[in-house]
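TrEMBL has this to say about the protein:
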{"type": "ACT_SITE", "residues": "D289", "note": "active site"}
{"type": "BINDING", "residues": "Q107, K123, T222, L223, W224, L225, E294, D309", "note": "ATP binding site"}
{"type": "BINDING", "residues": "D142, D309", "note": "Mn(2+) binding site"}
{"type": "DOMAIN", "residues": "188-397", "note": "domain 'FAM20 C-terminal'"}
Amino acid sequence: MKLKQRVVLLAILLIIFIFTKVFLIDNLDTSAAHREDQRAFQRMLSGLRVALEPRLEHTLQSPWEIAAQWVVPREVYPEDTPELGAVMHAMSTKKIIKADVGYKGTQLKALLILEGGQKVVFKPKRYARDYIVEGEPYAGYDRHNAEVAAFHLDRILGFRRAPLVVGRFVNLRTEIKPVATEQLLGTFMTVGNNTCFYGKCYYCRETEPACADGDIMEGSVTLWLPDVWPLQKHRHPWGRTYREGKLARWEYDESYCDAVKKTSPYDSGPRLLDIIDTAIFDYLIGNADRHHYESFQDDEGASMLILLDNAKSFGNPALDERSILAPLYQCCIIRVSTWNRLNYLKNGVLKSALKTAMSHDPISPVLSTPHLDALDQRLLSILATVKQCTDQFGPDVVLVEDRMTLSHL
């Protein structure tokens, strides 16, 4: 064989070797990532049951200090949370030392200060568990139990972007009224034998108070995020107009996602993939009311989309509002880790996992059976939507690797 032929042959063999090595490394990396997703899923399942008890591992710290240290730009709480039950126990039992009207918004809520100085948001019960909210998908009052269920779904999906929520019973006469501000106290009334209040908000009316059963009111409490992590509010790119006959651009422009991808912070970083994750989350819970969203301030698009205010959810188990999934089916991209987690939750696993996760909550049962059944059905619709995307564009385009190392140091 001539020298020139030998050189060409060696060059070809070298190229084949390099491509084979790269292919094997890619496959090994993908396989390793997939195995890590499986391990993370198993860890989540093993830690689903959160027994609410006061015991803390770090006895020199308060539950509020522990929860505050959990928060980082891409998580509200870490994957491994042995003290989660203790923090939630404190949220549901600590003495209320001050009660005020809620922060600015459209729905009734109260701002409570618990012993130790921790702020929580209290949302009162307005509906029975089996009540069906008719009308638009964002109709009706806030649902306190929806906040509880949404928090546990956030855990199950592995997002960890929702502030901690737990159910709580409060005595309005002995726990709230003695420590209430004049502004909140002025909205209290008695209807029949029940103590009620209507608070201060855009839709709060004296004619539509929230009423306790006697003096005992069921509700949810959401842990206020630490003040060292100020929030920035953003208009959701797939927000609704809330005006009859007026459509938002995404509702009629099939190329809308292309325009979104050219605008900050969606043109780089994790924010667009967070929007996709949130659309999946919202579709599962039936939340069509995310017109705005929050992230941590001055983050330049690097921090997570925080899953706040999930109470306009679980209103009608028979209504699957497909438009909530518009970011997914218009952009046709999804995180590989999210895709893997959704597949692990098939065949009734999601319903079973959520039921288990909520079983120790003080207001359990949190959801009615039809709502739990609806979750499994909606999951199938999400998986089918992703399949349509992969059939059209191929999995290499649709399934996006976006794994970020998180630090709690």
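Using N, Cα and C of the backbone, Cβ positions are placed for all residues, glycine too.
Where TrEMBL records a feature, it is marked here on the structure.
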| residue | record | CB count, 10 Å |
| --- | --- | --- |
| Q107 | ATP binding site | 20 |
| K123 | ATP binding site | 26 |
| D142 | Mn(2+) binding site | 26 |
| T222 | ATP binding site | 25 |
| L223 | ATP binding site | 25 |
| W224 | ATP binding site | 20 |
| L225 | ATP binding site | 20 |
| D289 | active site | 25 |
| E294 | ATP binding site | 18 |
| D309 | ATP binding site | 25 |
Maximal Cα-Cα distance (Å) across residues annotated as binding ATP, namely Q107, K123, T222, L223, W224, L225, E294, D309: 20
Alpha-carbon spacing, W224 (ATP binding site) to the residue listed as 'active site', which is rounded to whole Å: 21
D142 (Mn(2+) binding site) versus K123 (ATP binding site) - Cα distance in angstrom: 8
Q107, D142, T222, L223, L225, D309 filtered to the binding-site residues whose C-alpha is within 10 Å of D289 (active site): D309
Between D142 (Mn(2+) binding site) and L223 (ATP binding site): CA-CA distance (Å): 17
